[in-house]
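Per TrEMBL, the feature signal peptide maps to 1-17. As annotated by TrEMBL, domain 'HIT' applies to 57-164. Per TrEMBL, substrate binding site is recorded for Asn82, Gln138, Gly144, Gln145, Thr146, Val147, His153. Residues annotated as motif 'Histidine triad motif' in TrEMBL: 149-153. Here TrEMBL flags His151 as active site, tele-AMP-histidine intermediate. For Tyr169, the entry in TrEMBL reads site 'Important for induction of apoptosis'.
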Amino acid sequence: MIKAAQVLLPSLAFAHSITIDSCLLPLLCPQDYSSSKGFRPISTTINTTKMSTATESYQFGPYKIDPKEVFYSTHLSYAMVNLRPLLPGHVLVCPRREVKRFVDLTADETSDLWFMAKKVGSQLEKFHSATSLTFAIQDGPQAGQTVPHVHIHIIPRKGGDFEKNDEIYDAIDEKEKELKQKLDLDKERSDRSMEEMAQEADDYRLLFL
């Protein structure tokens, strides 16, 4: 009779288990298996992506971001809904580390940030039945950046959403100014409520299960 062993697979988001015939263990991981002691836990350094959780904290320049606004994250990056979106699906992707300029990101941070932007953009384009995407970075104050923390604007696009396509960049500049005003804790937020933003984040979170 062949015995079976249950092996826990490491995951940042969920705990998974599978059943493996014990006779296969020496073949799968000979360095981790002993016939007398069995199978010992395996450590991993693989960078796995996960959804955000309510217990985490996120920094956006000098501002604390409520975890309810974050719908996707890795150990290097996170994606959050917008206080006042330019168009439906307008979100921000940011590095977890507080970095003012794009050039100051590490190679790993740069790769992770754009990989997340690609994945988030693809999902939101389908979710909002869009046909294109705008990715935009305002790198420094003269480029329109008002919050000193690198962030990518991701905006699902449809035909006719702007009369002239380049108008979207002026609109992003205006939204960037409004973003800082709305994040100022001394000012009253009069746009979207936290409940509305949290609901949007919940909807987007389901796209990454």
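Don't overthink the numbers, they just go from 1 along the chain as shown.
Cβ atoms are placed via backbone N, Cα and C, with glycine included.
Annotated features, which come from TrEMBL, shown on the structure.
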residue : record                                       : DSSP class
Asn82   : substrate binding site                       : coil
Gln138  : substrate binding site                       : coil
Gly144  : substrate binding site                       : coil
His151  : active site, tele-AMP-histidine intermediate : coil
Tyr169  : site 'Important for induction of apoptosis'  : helix
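For the binding-site residues shown (Asn82, Gln138, Gln145, Thr146), fewest C-beta neighbours within 10 angstroms: Thr146.
In this entry, substrate is bound by Asn82, Gln138, Gly144, Gln145, Thr146, Val147, His153, whose most widely separated C-alpha atoms sit 17 angstrom apart.
Distance between Cα atoms for Val147 (substrate binding site) and Tyr169 (site 'Important for induction of apoptosis'): 17 Å, as a whole number.
If you check the recorded positions Asn82, Gly144, Gln145, Tyr169 against His151 (active site, tele-AMP-histidine intermediate), the ones with a Cα inside 10 Å of its Cα are Gln145. Sequence-distant neighbours of His153 (substrate binding site) (same chain, 6+ residues apart, CB-CB distance under 8 A): Leu86, His90, Val91, Leu92, Thr134, Phe135, Ala136, Ile137, Gln138, Ile172. Annotation: His151 carries the greatest number of neighbouring Cβ atoms among the recorded positions Gly144, Val147, His151, Tyr169 [cut-off 10 Å, Cβ to Cβ]. For the pair Asn82 (substrate binding site) and Tyr169 (site 'Important for induction of apoptosis'), the C-alpha distance works out to 16 angstrom.
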